[in-house]
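*Asks:* Take a look at this one; I'll ask things after.
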Amino acid sequence: MVTAINTVWVAVAGALVFFMEGGFALLEAGLVQAKNTLSIVMKVTADVSLGSLVYALAGFGLMFGFGNGWAGWTGFFAHGPVNGPASVPVWVFWFFEMAFAVAAISIVSGAVSERMRFDAYLLYIIVGILAYSLAGHWIWNSQGWLNRLGMEDFAGSAVVHTFGGFSALAAAWMVGPRTQWNGGRTVFRPSNLPLAFAGTFILWFGWFGFNGGSTLNAFSPLVGPVIANTMLAAAAGGLAAVLWSRIRSGHYDAVMAINGVLSGLVAITAGAGYLPVWASLPVGIIAGLIVVEGTPLVTRLNVDDPVGAVPVHGFNGLFGTLAVGLFASRGGLLTTGHLHLLAVQALGAGVVAVWAFAVTAGALGLVQRLTPLRVTASQESIGLDWVMHGSQAYAQALEGSASVRQPRR
C-alpha cells in the first residue's frame, strides 16, 4: 500500500541520486585538461537529458515490467503493470530508478573524455540505457534469472557500477587513447583538483540517497546500518588509498584520495543492506587498495582512462558484488561458512561485466560506421570545448591570445 512517508522518502532519495550528476560533472571536469572541461559537462548533461527520456520510453519497462527472466514487456512509460514496490507511486519509483540508470552511463563519460565526439556519445547513451535496463531486469526484477538464482545486489555494485565500469572499459578501448598519451607516460595536468574534490563530496552526499533510499521504506530497520556502512566504507577506502599511494609513490596522492573514497562507496553498494557494519571497514580498505593497484593495470592494458572510471567502478563493482558472498550476515562464506551465495555472486558479476563490455564494444563498432567515434588529432590539440561546442570554460584554456579565434576544424 502506498504511504505518504514512503513516497517522500523515495522521492527525496531519488533527488539525492539525481544530484550526484552534478558531482560527476564537477569531478570529471576537474580531472581533465582545461580545454576539455565544458565538453565533459555537456556529456553529463546529455546523460541526464537523453538518458531519462530513453529510460521513460523503454528502459523502465524492460527493467521492471512483467515478462520473463530476460526482459520485461509491460510498464513502458510507467503505463500498465510494473513489478515494483507497492509502497510508492509508480512514477516516484521510476524517478528513483531513472537516476540510477543515468548514473550508470555517466561513468562512461569520463573514460572517453578529451577525444570522443559528442554525436557518437549521444548514440552510445541510447544503447547504454537499454543494455543497462536488461541487466537490471536480470537482478532486480523478481522474474529475472539471476534474481531467481539468489543473487543479491542491494543498491547496484553489479547493476550500476560493474555495468558502467566495463562499459567504460569497452568504450575507452574502442575510442582509443589520446594522441599524446604515449602508453601512459605523458602526464596530463588536471584543470582543477579542488573542483574534483567538490564533485567527490557531492557524490558522497548523494550516495546516502543511493544506498539509503534503496530500502524503499522509510521505516525499514536497515536504514541505520545502510547509512553507517556507506559512510565507513567510503572513509576506509579513501584513507587506505592515500596511505597505500604514499607507500607506492612517496606522495599522498590527491587523485587517489578522490578515487579511494569513490571506490569504498562503489564496493559497499551491493552489500550495504546485507553486511554487518564491521564488514564495511575491510570492504572499504580492500577497495582503496584495488583502485591504487588497478589504475596502472588499466594502463598496462593500453587503455587510456583519464579519470580512473574502470578501476573505481569496474574493478570495485566486481569486488563489491563478491563481498556480499564473503561478508553477508546470511549466507556469507566468512560469516556462515556457506559457498553458494559467493558462487552466485561471482556468476552474476561476471555476466554483467561481459554483457556490458560486449554490448558497448559492438554498439560503438556500429556507430563508427555512421560517424567517427573521435575527433582528429588537430581537433584534440585545440580541445573539445571549442571544437565540439564553440566555447570554452576558461579564458586561458586555448593557447595563444584570447583575442584570436581558432578554427573549429
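Even glycines carry a Cβ here, placed using N, Cα and C.
Pasting the relevant annotations from TrEMBL:
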- 6-27: transmembrane segment (TRANSMEM)
- 8-394: domain 'Ammonium transporter AmtB-like' (DOMAIN)
- 48-71: transmembrane segment (TRANSMEM)
- 91-112: transmembrane segment (TRANSMEM)
- 121-140: transmembrane segment (TRANSMEM)
- 155-175: transmembrane segment (TRANSMEM)
- 187-210: transmembrane segment (TRANSMEM)
- 222-244: transmembrane segment (TRANSMEM)
- 256-275: transmembrane segment (TRANSMEM)
- 281-298: transmembrane segment (TRANSMEM)
- 310-329: transmembrane segment (TRANSMEM)
- 341-367: transmembrane segment (TRANSMEM)
*Asks:* When the pLDDT values for the domain 'Ammonium transporter AmtB-like' (8-394) are averaged, what is the result?
*Replies:* 98
*Asks:* Cβ under 8 Å to the transmembrane segment (256-275), counting only same-chain residues 6 or more beyond its ends: which ones?
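*Replies:* For the transmembrane segment (256-275), the far contacts come to 27, 152-158, 160-161, 196-197, 200, 203-204, 207, 210-211, 214-215, 222, 225-226, 229-230, 233-242, 244-245, 283-284, 286-288, 290-292, 295, 308, 311-313, 316-317, 319-321, 323-324, 327-330, 332.
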*Asks:* So which residues does the transmembrane segment (48-71) touch in its own chain, when a touch means Cβ under 8 Å and the partner is 6 or more beyond its ends?
*Replies:* 18, 21, 77-78, 80-84, 93-94, 97-98, 101-102, 105, 122, 125-126, 128-130, 132-134, 136-138, 140-141, 143-145, 148
*Asks:* Which residues, given as numbers and ranges, are at least 6 beyond the ends of the transmembrane segment (121-140) yet have a Cβ under 8 Å from it?
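*Replies:* Distal contacts: 43, 46-47, 50-51, 54-55, 58-60, 62-64, 67, 69-72, 97, 100-101, 104-105, 108-109, 112, 146-147, 151, 153, 158-160, 163-164, 167, 171, 348, 351-352, 355-356, 359-360, 363-364, 367, 370-371.
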*Asks:* I'm a bit unsure how to read this: which one of 6-27, 155-175, 310-329, 341-367 has the highest number of Cβ pairs shorter than 8 Å with the transmembrane segment (187-210)?
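*Replies:* It is 6-27, which has the most Cβ pairs under 8 Å.
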